[in-house]
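Have a look at the structure below, then the notes.
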Amino acid sequence: MAGGGAAPPPKQEELQPHQVKDQLPSVSYCITSPPPWPEAVILGFQHYIVMLGTSVIIPSALVPQMGGGNEEKARVIQTLLFVAGINTLCQSFFGTRLPAVMGGSYTIVAPTISIILAGRYSNEADPHEKFLRTMRGTQGALIIASTIQIILGFSGLWRNVVRFLSPLSAVPLISLAGFGLYELGFPGVAKCVEIGLPEIILLLVFSQYLPHVIHVAKPVFDRFAVIFTIAIVWLYAYILTASGAYKNARPKTQVHCRVDRSGIISGAPWIRVPFPFQWGAPTFDAGESFAMMMASFVALVESTGTFIAVSRYASATMIPPSVLGRGIGWQGIGTLIGAFFGTANGTAVSVENAGLLALTHVGSRRVVQISAGFMIFFSILGKFGAIFASIPLPIFAALYCIFFAYIVSKLSMPLFAGACGLSFLQFCNLNSFRTKFIVGFSFFMGLSVPQYFNEYTSVAGYGPVHTGARWFNDMINVPFASKPFVAGLIAYFLDNTIQRRDNGVRRDRGYHWWDKFRSFKTDTRSEEFYSLPFNLNKFFPSV
């Protein structure tokens with residue numbers, strides 16, 4: 001038989017890596033495409049519930065140390081929510097225009113505690129008067145500190161810094177914005193494990209398993225998982241409280257487990273509109289202002305990473321440096337507004353709400369604007385808002401276990417705020433030893449250095465830098481206790497100094513992928529996602 005050989009087997013399809021994506025696929029509603037109004041309102045309420053955690057935890061930690069009672073705590077929580085609503089609207093309309101919820105900042109807590117412990121307040125015998133004096137001192141420091149964000153943002157200085165940010169140096173910064181808050185996760189759950197652990201399990205079941213087991217026309221279980229699970233666990237916690245399960249428990253256990261021990265509902269007024277300088281005229285101290293300015297700068301760096309994560313989860317393109325600078329400027333205005341109203345805290349992008357964008361696959365700007373409406377509404381109707389604010393804190397800690405993780409990895413399936421950071425490795429050459437070193441070293445030092453600073457402080461009662469000037473100590477100890485700040489600083493420095501001019505290195509670090517987004521006008525999609533409303537771009541053009 002002529003040509004008697006058998007036909008060769010068909011060539012096996014060659015394996016190909018996953019395609020690089022400028023915009024995140026599989027997002028149901030992106031930044032400019034809002035869901036139907038009923039769904040948008042429920043999603044907005046869900047964002048409001050999620051951001052309550054930080055809004056309650058920070059005042060609950062600070063106000064008692066300042067000398068305030070339940071009434072002062074409830075009023076500070078109301079004020080923080082009111083200001084958060086205003087700042088979220090300002091950011092979504094005039095700042096980055098991203099669906100970013102602007103809430104309290106954990107970074108500002110350390111210098112605030114330093115102000116509380118200042119000698120000029122410790123001799124005050126009347127607790128209420130001590131609270132007022134401490135609050136006024138905090139207001140003064142925050143007013144001065146807000147200027148660093150305003151100047152860096154609106155002057156264009158921060159824009160020029162961000163231009164040198166590559167996907168490689170962005171990975172540690174964004175990842176540790178989520179991973180770096182791990183101490184707020186399971187340690188908070190363990191304070192009342194019988195409430196916190198069921199919340200984690202139910203949230204995983206509702207968001208990751210039920211959608212693939214029970215098929216419905218529209219995504220329901222994953223999109224509204226937070227509302228479903230909080231309602232179930234909150235009811236369960238109420239039943240435990242009403243049945244006397246914690247009747248003989250330790251006071252600390254009762255505070256974390258019972259639904260009637262927060263003191264927020266009894267301390268909240270029925271109707272009250274927060275107003276500027278409600279605690280009196282701010283007072284100023286140079287040392288406290290310097291320390292707060294450094295904390296404000298650290299919060300700026302952390303928010304930069306979270307803004308980038310939000311742009312990814314909103315299925316927008318990489319945020320242009322000029323738009324990011326504009327957003328940082330408005331964050332500074334937000335800190336200034338908070339200082340005027342007396343929140344005892346600054347303003348930063350909410351990491352947990354960025355994680356919620358990933359969980360719901362909804363990155364709509366309108367949803368976040370609706371959530372800002374809920375913040376303002378429930379902050380004025382004090383008693384009603386206090387009901388939601390009295391949700392046991394271990395439930396919020398359980399949410400953090402999921403949402404902070406989302407910012408970190410975002411590899412093939414969005415489950416992890418730190419997950420989004422790792423997704424930018426798709427633009428880098430992971431076979432490069434340079435890439436491996438920078439990522440590994442910055443991650444390790446970003447976790448190890450703050451761990452040293454925090455351990456030292458917990459044992460000694462003060463940070464490693466301990467001089468007679470408390471403000472100087474804070475200027476050094478606060479930034480080096482921030483995981484995203486340390487990791488981002490190291491990665492940014494190494495990435496811009498090691499073999500920077502090598503053309504091959506430029507591709508290894510993924511710098512070329514973001515070239516078209518370094519100017520507002522070089523990519524047509526920037527106009528769609530980030531242009532100002534009401535034709536304001538004519539008066540405030542982006543570059």
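Just so you know, glycine gets a Cβ as well, placed from its N, Cα and C.
So that you can see what the record holds, here are the features copied from TrEMBL:
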| type | residues | note |
| --- | --- | --- |
| TRANSMEM | 45-64 | transmembrane segment |
| TRANSMEM | 76-94 | transmembrane segment |
| TRANSMEM | 100-119 | transmembrane segment |
| TRANSMEM | 140-158 | transmembrane segment |
| TRANSMEM | 164-184 | transmembrane segment |
| TRANSMEM | 196-214 | transmembrane segment |
| TRANSMEM | 220-240 | transmembrane segment |
| TRANSMEM | 367-391 | transmembrane segment |
| TRANSMEM | 397-425 | transmembrane segment |
| TRANSMEM | 437-453 | transmembrane segment |
| TRANSMEM | 476-494 | transmembrane segment |
Stretch-level contact, the transmembrane segment (164-184) and the transmembrane segment (367-391), CB cutoff 8 A, at least 3 pairs: no
Positions on the same chain near the transmembrane segment (437-453), where near means CB under 8 A and six or more residues out: 168-169, 171-172, 175-176, 179-180, 425, 463-464, 477, 480-484, 486-488, 490-491, 494-495, 498
The transmembrane segment (367-391) touching the transmembrane segment (45-64) per 3+ Cβ pairs under 8 Å rule: yes
Stretch with greatest number of CB pairs under 8 Å, the transmembrane segment (476-494) reference, 76-94, 100-119, 367-391 candidates: 100-119
